[in-house]
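Here is what TrEMBL says about this protein:
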TRANSMEM  30-49  transmembrane segment
DOMAIN    41-289  domain 'G-protein coupled receptors family 1 profile'
TRANSMEM  101-120  transmembrane segment
TRANSMEM  140-158  transmembrane segment
TRANSMEM  197-221  transmembrane segment
TRANSMEM  242-260  transmembrane segment
TRANSMEM  272-291  transmembrane segment
Amino acid sequence: MDGKNQTMVTEFLLLGLSGKSQQEEVLCGLFLGMYLVTIIGNLLIILAISCDPHLHTPMYFFLANLSTVDICISSVTIPKMLVNHIVGSKSISYRECMSQIYFFITFSNMDGFLLSVMAYDRYVAICCPLHYTLIMRPKLCVLLVAVSWLITNLHALLHTLLMTQLTFCSNNAVHHFFCDPYPILKLSCSDTFINDLMVFTVGGLIFMTPFTCIIVSYAFIFSNVLKLPSAQGIRKALSTCGSHLTVVSLFYGAILGVYMHPSSSYSVQDTVATVIFTVVTPLGNPFIYSLRNRDIKGALRKLILRS
């Protein structure tokens, strides 16, 4: 390998989704609008839950945490793209890129863990209603969220430290709007076997644990619901799960499409799928939970009237 190819990379170039300036202007405008709606929508849900004592329950405690994480995951990726577009630059420093990877992995995994905790909450509420308050105590709810934060931060730290051990040569062009781990791995001129192995082993475990919890929780929920004598009882029981299932389908559908294969096979279709769970899902969550939830709609009305 010649000297030019061994030049160490100190920054990466984020080429965006299309790589064409006119299309990027349209996409930046679209992403700005989506980002503002995401921030405002999720903040309204957090404020509505905080201000309404009737919503100080485990389900809404987890929903407020989910809204917080959705704000964070959008803020990790979109603002840097918008700033680069405004100043006419595509660069992101090596340290900024590694930091973005760390927080992206943390908040993405935290989304999955919160969705699994919410599934468990629905399981207890539907299958063990008489013991709900005894099981879902405030201390347990806080513990579940705290342990989730600890696991996701340690997992992100592992992958980020492994990423910093790689060598990046002259090619520093990333065909994405942020430092997604897979496109960055493809740019490395050193062996990424350990990184890919960790993605499939540790990453697979971190992915499958909450996903399995969701599947098992809903298996028990559906088996109990089908035993109800009336169709009205079935609809009432499932009405509390509809919003959650919609978000789970969006989030895990995109994750499965992007990260459950080697980094070397990362393609344009994967980039689109990444946009779904980094931009579309955080944007959709406030609408999904507020439009299909009378308690949230009532709390939002009170909040707007009070202001």
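Glycine too: its Cβ is placed from the backbone N, Cα and C atoms.
Outside the transmembrane segment (197-221), and at least 6 residues removed from its termini, the chain residues within Cβ reach (under 8 Å) are 109, 112-113, 115-116, 119-120, 122-123, 126-127, 151-152, 155, 158-159, 162, 181, 237, 241, 245, 248, 252, 255, 259-260, 263. When Cβ-Cβ distances below 8 Å are used as the criterion, the transmembrane segment (272-291) is approached by residues 17, 31, 34-35, 37-38, 41-42, 44-45, 63, 66-67, 70-71, 73-74, 77-78, 104, 108, 111, 176, 178, 180, 243, 246-247, 250-251, 253-255, 257-258, 297, 300 of the same chain, each at least six residues removed from its ends. Through the fold, the transmembrane segment (30-49) approaches residues 55-56, 60-61, 63-64, 67-68, 70-71, 74-75, 78-79, 81-82, 177, 279-280, 282-283, 285-287, 289-290, 296, 299-300, 302-303 of its own chain, all at least 6 residues removed from its boundaries and within a Cβ separation under 8 Å.
In the predicted model, the domain 'G-protein coupled receptors family 1 profile' (41-289) shows an average pLDDT of 87.
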